[in-house]
Amino acid sequence: MARYIFITGGVVSSLGKGLASAALGALLQARGYKVRLRKLDPYLNLDPGTMSPYQHGEVFVTDDGAETDLDLGHYERFTGRPATKADNITTGRIYQDIITKERRGDYLGATIQVVPHVTNAIKEFVLDGNDDYDFVLVEIGGTVGDIEGLPFFEAIRQLKNDLPRDHAVYIHLTLLPYIPSAGELKTKPTQHSVKELRSIGIQPDILLCRTDREIPKEERRKLGLFCNVRESAVIEARDVDNIYAVPEAYHNAGLDDEVLAAFGIASRIPPELRSWQQINERVRNPEGNVTIAIVGKYTGMKDAYKSLIEALSHGGIANKVKVNLDWIESEIFEKEDPAPFLEHVNGILVPGGFGQRGAEGKIRAAQFARERDVPYFGICFGMQMAVIEAARNLVGIEDANSTEFGPTKEPLVGLMTEWLRGNELEKRSQAGDLGGTMRLGAYPAALNRGSRVSQVYGGATEISERHRHRYEVNTAYKDRLEQHGLKFSGLSPDGVLPEIVEYEDHPWFIGVQFHPELKSRPFEPHPLFASFIQAAMVQSRLV
């Protein structure tokens with residue numbers, strides 16, 4: 001039977017519960033255990049699909065088409081286990097399911113209440129489908145004290161009593177701020193956070209304390225005394241130089257040993273961490289540097305591109321170089337010449353996005369890369385803008401544009417109205433809802449034999465990648481674009497939807513309709529990112 005680890009947060013948000021959960025999952029995995037990670041999000045949205053990137057950050061898409069929290073990306077990258085739609089749920093989804101059942105009459109006239117109906121739904125979600133796992137790590141979003149989170153805290157409180165003895169452990173992630181004027185770490189915020197947690201019936205078994213310095217023994221003793229935990233269970237979560245150093249740092253601090261002790265499990269074998277040590281060796285001792293310009297719309301909120309940042313880092317790890325990122329707001333290029341901003345970079349990446357704001361700037365970035373032979377990687381929207389640039393400046397279609405921005409005489413990019421998902425036909429219309437209506441999840445693509453992208457994938461002629469888009473390049477313009485050098489080197493297996501474009505006579509210019517960053521791992525860098533960084537290394541010698 002699976003054992004459950006519940007990770008909560010206190011004092012402030014954005015402490016890194018997702019990373020802590022992922023790192024602990026990796027440590028347990030390194031000891032030979034089979035782990036599953038799940039996220040409970042207290043907000044009322046059904047999913048983060050329609051939320052602003054400025055508020056929520058990246059939307060992480062799974063193979064089965066779920067739009068989920070970015071923490072699931074950490075889970076995948078650290079454990080290698082693909083997440084599914086069953087690994088993330090929101091208050092909105094729970095309420096929707098309950099109300100649907102109530103309208104159907106499933107509750108036989110009962111008064112629907114938070115306790116027991118909402119809490120039971122949360123417990124059912126947490127417990128479902130875990131028979132094949134040794135440990136299930138469940139992260140509760142937000143911080144203790146948030147009104148939205150109360151049903152989730154009540155549910156995990158009940159679960160400890162529902163499960164057999166020694167089958168549930170609570171870890172509370174908190175902050176120990178350092179006050180320079182006093183010259184000491186302050187424990188009072190953590191004490192109050194634990195007091196709040198205990199007031200709703202949850203006694204943490206382990207305190208994971210974020211800090212930028214060593215925790216003095218006296219402060220550990222104080223935290224153990226006033227928070228009612230063993231002194232050995234006060235774990236120091238020191239800041240590290242890169243996120244892939246977190247598993248080893250937490251192991252050295254004793255987190256995984258303390259978790260096993262809390263379950264009454266004798267430590268069998270130490271975790272095998274050599275692969276993590278090798279990753280960190282490459283991160284800390286690069287053999288060179290490259291600079292990549294990210295020309296995007298949400299550059300003020302780096303979390304909007306979380307998986308992208310990590311995938312570029314993985315490309316650097318694969319090539320033993322440090323990848324420096326130059327963030328550029330694409331709107332700038334609508335007013336200014338891109339050259340002064342881009343002449344020094346070794347590669348240009350235009351990521352996914354939505355809407356007209358900044359689109360012309362992205363088109364100009366693609367033009368600069370094409371004309372100056374700078375490696376270019378266009379992802380989703382970035383591919384579409386590269387195609388529009390080619391249509392305007394190579395083919396001579398001056399009015400080439402996307403119907404996403406309004407009516408146009410030359411719709412190079414248009415709304416997908418239907419596509420195949422397996423053997424089923426999916427249909428959409430302009431008047432449809434925004435939420436959950438995109439082409440989402442893993443879809444296959446057929447690659448042209450001998451094309452550059454096929455070579456990047458090791459000679460493969462069919463791949464599967466994750467998508468998140470509702471607009472698509474119009475194949476009616478395919479022949480004219482190919483006559484001017486822009487090759488459609490990847491299509492959906494039925495030949496209807498363009499997936500990949502490339503220039504054969506360019507050092508490295510590839511646009512993809514999918515999101516390869518979602519499948520990149522530190523131990524398995526995505527081939528497109530590894531190849532892109534390799535091309536940037538070559539370009540760096542020419543600057």
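Residue numbers in this text run from 1 along the chain shown.
Cβ atoms here come from the backbone N, Cα and C positions, even for glycine.
Keep in mind it's a predicted model, so treat the numbers as computed, not measured.
For reference, Swiss-Prot has these:
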- 1-265: region 'Amidoligase domain' (REGION)
- Ser13, Asp146, Ile147, Glu148, Lys186, Thr187, Lys188, Pro189, Thr190, Gln191, Lys222: CTP binding site (BINDING)
- Ser13, Lys186, Thr187, Lys188, Pro189, Thr190, Gln191, Lys222: UTP binding site (BINDING)
- Ser14, Leu15, Gly16, Lys17, Gly18, Leu19, Asp71, Arg238, Asp239, Val240: ATP binding site (BINDING)
- Tyr54, Gly353, Phe381, Gly382, Met383, Gln384, Glu404, Arg470: L-glutamine binding site (BINDING)
- Asp71, Glu139: Mg(2+) binding site (BINDING)
- 291-542: domain 'Glutamine amidotransferase type-1' (DOMAIN)
- Cys380: active site, nucleophile (ACT_SITE)
- His515: active site (ACT_SITE)
- Glu517: active site (ACT_SITE)
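Shown on the structure are the features that Swiss-Prot records.
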residue : record                   : CB count, 10 Å
Ser13   : CTP binding site         : 11
Ser14   : ATP binding site         : 10
Gly18   : ATP binding site         : 24
Asp71   : ATP binding site         : 27
Ile147  : CTP binding site         : 8
Lys186  : CTP binding site         : 14
Cys380  : active site, nucleophile : 22
Phe381  : L-glutamine binding site : 26
Met383  : L-glutamine binding site : 27
His515  : active site              : 24
Which of the recorded positions Asp71, Gln191, Glu517 has its Cα nearest to the Cα of Ser13 (CTP binding site)?
Asp71
Using Arg470 (L-glutamine binding site) as the reference point, find which of the binding-site residues Lys188, Pro189, Lys222 has the shortest Cα-to-Cα distance to it.
Pro189
Just the number: how many Å between the Cα atoms of Gly353 (L-glutamine binding site) and Lys188 (CTP binding site)?
43
Could you measure between Asp239 (ATP binding site) and Lys186 (CTP binding site) for me? Cα positions, answer in whole angstrom.
17
Other than its own, how many Cβ atoms are within 10 Å of the Cβ belonging to Lys188 (CTP binding site)?
12
Average model confidence [pLDDT] within the domain 'Glutamine amidotransferase type-1' (291-542):
91
Glu139 (Mg(2+) binding site) CB neighbourhood, other CB atoms within 10 A:
27
Rounded to whole angstrom, what's the largest C-alpha distance between any two of Ser13, Asp146, Ile147, Glu148, Lys186, Thr187, Lys188, Pro189, Thr190, Gln191, Lys222, listed as binding CTP?
31
Going by DSSP, is Glu139 (Mg(2+) binding site) sitting in a helix, a strand, or coil?
strand
If we check Cα distances from Gly16 (ATP binding site), which of the binding-site residues Tyr54, Thr190, Glu404 wins as closest?
Thr190
Sparsest-packed of the listed binding-site residues (Gly16, Pro189, Gly353, Gly382) - C-beta count within 10 angstroms:
Pro189
State the three-class DSSP label for Ser14 (ATP binding site), counting H, G and I as helix, E and B as strand, and everything else as coil.
coil
Tell me the Cα distance separating Glu517 (active site) from Glu139 (Mg(2+) binding site), rounded to the nearest angstrom.
23
